[in-house]
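*Asks:* Here it is: the structure, laid out below.
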Amino acid sequence: MNYQWPSPGKLNLFLYVTGCRADGYHYLQTLFQLIEYGDTIKIFVTNNGRIRLFTIMNDLVCRDNLIIRAAKLLQYYCWPNKKPVFGADIFLDKILPIGSGLGGASSNAATVLMVLNQQWRCYLNKHVLMHLGLMLGADVPFFLYGRSAFAEGIGNILIPVFVPKKWYLILIPPVRISTFWGFQMYELENHCYSPFRSMRELLSVSFHNDFEEIIKKISPEIKIFFACLSQFALARLTGTGSCIFAEFKTEQLAYQVQSYLPSWVSSIITRGINLSPLHQKLLKCTAYSSIIFLS
């Protein structure tokens with residue numbers, strides 16, 4: 001039995017806001033790049049129906065955490081109107097910064113959904129899991145999909161894209177930006193929506209993030225981090241922030257630029273990947289291989 005599972009992060013290589021729905025969700029076009037850097041989740045199935053979440057320091061985490069919500073949603077779907085047969089003790093080793101634009105919470109939720117779907121012997125198909133994921137957050141379907149991808153709609157219409165191997169230097173400002181707040185600021189700033197374009201066109205032009213100027217305007221810390229990185233490379237925002245990144249053809253170049261940064265600038269270097277390590281690990285589980293998201 002496997003107990004330890006990867007929960008990878010992501011970057012938005014470009015991000016355009018193309019409209020807004022009546023329910024407040026925004027239409028977007030983005031290129032999701034999976035990265036090796038990510039959290040680790042240990043999951044132990046129990047037979048008492050309880051869902052408990054602990055950090056690596058063994059602190060019990062609040063009940064509203066997206067991991068707990070994901071597990072309870074799966075319970076409700078698999079055992080409606082009756083006591084769940086299984087529960088889980090979940091231990092989270094969190095290294096992806098919160099409110100960073102690296103997708104940590106969404107990735108955590110996707111990992112829990114996929115692993116418990118197997119270990120609780122629910123065996124829901126990918127379409128059902130994607131539906132459940134979207135109920136938790138707009139980025140969760142991408143992590144369930146498990147491939148670097150072009151996304152439209154509210155992020156739930158996904159087309160696989162092979163992204164050439166790159167290394168990424170990611171700067172981590174000491175601020176958190178919630179996705180909800182970022183989109184609120186977009187509306188308050190009265191920004192015009194970007195025109196809807198084809199994937200081919202977007203992949204052929206310079207990449208851009210519609211939130212970049214807004215976030216720099218309202219966060220002095222992020223603006224400073226942008227200035228630091230922009231001296232040596234093309235700096236870009238991921239998601240609604242707060243993290244900033246630059247891409248490099250080699251690991252050596254990424255480390256070279258990192259060495260130029262001031263000591264007070266927190267940063268990490270990671271490699272872009274096209275297939276989620278979670279999906280690769282689940283593929284090794286015979287019972288799960290028939291419903292993994294590679295079709």
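Quick reminder: no glycine exception, Cβ is built from N, Cα and C everywhere.
Sequence annotations record features per position, and here Swiss-Prot assigns active site to K10, D139 based on sequence analysis. Taken from Swiss-Prot, the feature ATP binding site covers P97, I98, G99, S100, G101, L102, G103, G104, A105, S106, S107.
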*Asks:* Measure from the Cβ of G99 (ATP binding site) and count the other Cβ atoms within 10 Å, all protein chains considered.
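*Replies:* Taking every protein chain into account, the count is 19.
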*Asks:* Would you mind checking how many other C-beta atoms are within 10 angstroms of the C-beta on G103 (ATP binding site)?
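*Replies:* There are 29 of them.
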*Asks:* In the same chain, outside P97, I98, G99, S100, G101, L102, G103, G104, A105, S106, S107, whose C-beta lies within 8 angstroms of the Cβ mean position for the ATP site?
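*Replies:* So the extra residues in range turn out to be G9, L96, G239.
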*Asks:* For K10 (active site), what residues in its own chain, 6 or more apart in sequence, show a Cβ-Cβ distance under 8 Å?
*Replies:* F32, Q33, L34, I35, L102, G103, S107, D139, F142, F143, T238
*Asks:* Among the binding-site residues listed here, P97, G101, whose Cβ has the fewest other Cβ atoms inside 10 Å?
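*Replies:* It is P97 that, of the binding-site residues P97, G101, has the fewest other Cβ atoms within 10 Å.
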*Asks:* Around A105 (ATP binding site), which residues of its chain at least 6 apart sit with Cβ under 8 Å of its Cβ?
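*Replies:* Those within reach of A105 (ATP binding site), by Cβ under 8 Å and sequence separation of 6 or more, are L66, I98, G137.
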